[in-house]
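Asks: OK, TrEMBL features for this one:
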- 27-98: domain 'Mur ligase N-terminal catalytic' (DOMAIN)
- 110-306: domain 'Mur ligase central' (DOMAIN)
- Gly112, Thr113, Asn114, Gly115, Lys116, Thr117, Thr118: ATP binding site (BINDING)
- Lys221: N6-carboxylysine (MOD_RES)
- 328-458: domain 'Mur ligase C-terminal' (DOMAIN)
- Arg379, Asp403, Asn404, Pro405, Arg406, Gly456, Glu460: meso-2,6-diaminopimelate binding site (BINDING)
- 403-406: motif 'Meso-diaminopimelate recognition motif' (MOTIF)
Amino acid sequence: MNVLKDILYKVPIDAVTGNTSVAVNALCFDSRKVSLNDVFVAIRGTESDGHAYIEGAVKKGAVAVVCEEIPKDIVNGITYVQVSDTHAALAIMASNYYGNPSVNLKMVGVTGTNGKTTIATLLYQLFRKAGYKVGLLSTVKILVDDKEYKATHTTPDPVTINYYLDLMTQEGVEYCFMEVSSHGIAQKRTQGLHFTGGVFTNLTHDHLDYHNTFAAYRDVKKSFFDNLPKSAFALTNVDDKNGIVMMQNTAAKKYTYALKSYADYRAKILENQFGGLLLKIGENEVWVKLVGRFNAYNMLAIYAVARLLGLEEMEVLRLLSELDSVQGRFQYFISGKKITTIVDYSHTPDSLRNVLETINSIRTGNEELITVVGCGGDRDKAKRPLMAAIASELSTRAIFTSDNPRTEDPEAIIKDMEKGVEPLNFKKTLSITDRKQAIKAACQMAGENDIILIAGKGHETYQEINGVRKDFDDFKIAEEMMKELHK
Ligand SMILES: CC(=O)N[C@H]1[C@@H](OP(=O)(O)OP(=O)(O)OC[C@H]2O[C@@H](n3ccc(=O)[nH]c3=O)[C@H](O)[C@@H]2O)O[C@H](CO)[C@@H](O)[C@@H]1O[C@H](C)C(=O)N[C@@H](C)C(=O)N[C@H](CCC(=O)O)C(=O)O
Ligand SMILES: Nc1ncnc2c1ncn2[C@@H]1O[C@H](COP(=O)(O)OP(=O)(O)OP(=O)(O)O)[C@@H](O)[C@H]1O
Ligand SMILES: N[C@H](CCC[C@H](N)C(=O)O)C(=O)O
Ligand SMILES: [Mg+2]
């Protein structure tokens, strides 16, 4: 049994009514999931205000409530704790509840617009290959050494995070690599965690529906580094124009990486092909299986983290060359007529540009490059015309289709995309709302040596339309289609 005041350790408290020595069962921030003797934390969210559900939570058996405003009608025998920020309180309480597992792990958080999943997943792979027990919290999956769990968020809520960190410590895990999303930082999901290191990848347009301005989005990312302890390292990409900004107020020890600028960790691309990259890292050359300039940045960040965590230079280089690409990130197959089909999770203007530029830099020039792309519903609308402009500019043909429309009208999303296409590129484009039909059209259009890029959904195994998720896997669909059409 946990005692409320122990769970509240280090939470700044404004007022209390009732007894904080009360025993509590679980920590809960959703009234619909409250059980007997739980402590309910009321969160002011984006859709609703958890304070409206305090009464319901108490009726369901909550024995204590943590909130920003104690309700007027308090119930006898229930403890009410007032704090100024319940998001932060929840995160600190979650760490306390699970016995602060992050202190017993070497945790590295990866943040930035693109590259988080790639870097965190490949660090997981690298450290396992080096013989350690490792954990991973990522967009694609959660891994507790070799045990796999389903991921619902890139950075889950703090109770879920600490639940898995606790599991990791029980399994003897030593290193944990986690993605830290901007929503996660803004909602303080990672507050109270003890990080050994933090990595910044890059910052480009995304999620402005949530953060409103690019400056606010940048400042949220920066606050992750502002909160790192002195004992941690902070590694940043100084080729990105916000790379230095991220480090300005951190107490952590600063390190830089770059392909172009002066930096502590530097790499050069010697070759860039479909088969992989030949990199020069420091004085050494290494072949890696990942493709594209952006992956040179990812590989260099991985190299730097591994070195900062104490692995030997030669061992890191050897292990880098063994890493396989991450599911749904530049994942490709070659079928009859030497047609290459690539599935990639590029769902931002920058990542789409990067992946298309990568393909253009390694194709010989005569082949068609057919891009199938859509934009998610209930997400940043400003991305839509930009992504359509990039797809139509950098491909020989672009097919606009649905991503996850969620609650929006799929055709309206496509109309928003079409507005970004330059008049000269319009004849290269086509819109097919049904994603499966769009993929089919691309497969039918493709001829000898052509390249198809299916962008936006990567590893996702569903498509969400009107709140309903139906099975949908870009890679599987394209593979079946190609088998049928180009035997
Ligand atoms: C916009 C957003 O980020 N929402 C997240 C947020 O929900 P919220 O606090 O805004 O929820 P709300 O519906 O307004 O409710 C407020 C509070 O009332 C409670 N409530 C609500 C109803 C009720 O009957 N009783 C009750 O107690 C809710 O449990 C909540 O605590 O906190 C929840 C718990 O942590 C998250 O599950 C939820 O993620 C939603 C589902 C989501 O889609 N989030 C996406 C945008 C997201 O977080 N993405 C990032 C990655 C982005 C990237 O690619 O970089 C991620 O880290 O996954
Ligand atoms: N370092 C990078 N710089 C720019 N683009 C990248 C980089 N790494 C990967 N990408 C592109 O971005 C896409 C998403 O990569 P990844 O999943 O690693 O990013 P992420 O930051 O985890 O994204 P999310 O915010 O959705 O979790 C890839 O499919 C690729 O097209
Ligand atoms: N983590 C991102 C993923 C977007 C993936 C894309 N397929 C979409 O559904 O928009 C988000 O929630 O905005
Ligand atoms: Mg990710």
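Just so you know, glycine gets a Cβ as well, placed from its N, Cα and C.
Unlike curated entries, TrEMBL annotations are predicted automatically.
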Asks: Secondary structure at Pro405 (meso-2,6-diaminopimelate binding site) (DSSP, helix/strand/coil)?
Replies: coil
Asks: How many neighbouring Cβ atoms, not counting its own, are there within 10 Å of the Cβ of Pro405 (meso-2,6-diaminopimelate binding site)?
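Replies: Around Pro405 (meso-2,6-diaminopimelate binding site), other Cβ atoms within 10 Å: 23.
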Asks: Taking ligand 4 as the reference, state which of the binding-site residues Thr113, Thr117, Asp403, Arg406 have a Cβ closer than 6 Å to one of its atoms.
Replies: Thr117
Asks: Taking the domain 'Mur ligase C-terminal' (328-458) alone, what is its mean pLDDT?
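Replies: The predicted confidence over the domain 'Mur ligase C-terminal' (328-458), as a mean pLDDT, is 96.
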Asks: Any same-chain residues 6+ apart from the residue listed as 'N6-carboxylysine' with CB under 8 Å of its CB? Would you list them in sequence order, or say none?
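Replies: The residue listed as 'N6-carboxylysine' has long-range Cβ partners Thr111, Gly112, Ser182, Ile185, Phe200, Leu203, Asn242, Met246.
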Asks: CA-CA, which of the binding-site residues Arg379, Gly456, Glu460 lies nearest Gly115 (ATP binding site)?
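Replies: Minimum Cα distance from Gly115 (ATP binding site) across Arg379, Gly456, Glu460 lands on Gly456.
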Asks: Measuring Cα to Cα, how many angstrom lie between Asn404 (meso-2,6-diaminopimelate binding site) and Lys116 (ATP binding site)?
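Replies: About 21 Å separate the Cα atoms of these two residues.
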Asks: With DSSP, how much of the domain 'Mur ligase C-terminal' (328-458) is helix, how much strand and how much coil, in residues?
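Replies: Secondary-structure breakdown of the domain 'Mur ligase C-terminal' (328-458): 55 helix, 29 strand, 47 coil.
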Asks: With the Cβ atom as the reference point and anything under 6 Å counting, tell me which of the recorded positions (Thr113, Lys221, Asp403) are near ligand 3.
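Replies: Checking each Cβ against ligand 3, the ones under 6 Å are Asp403.
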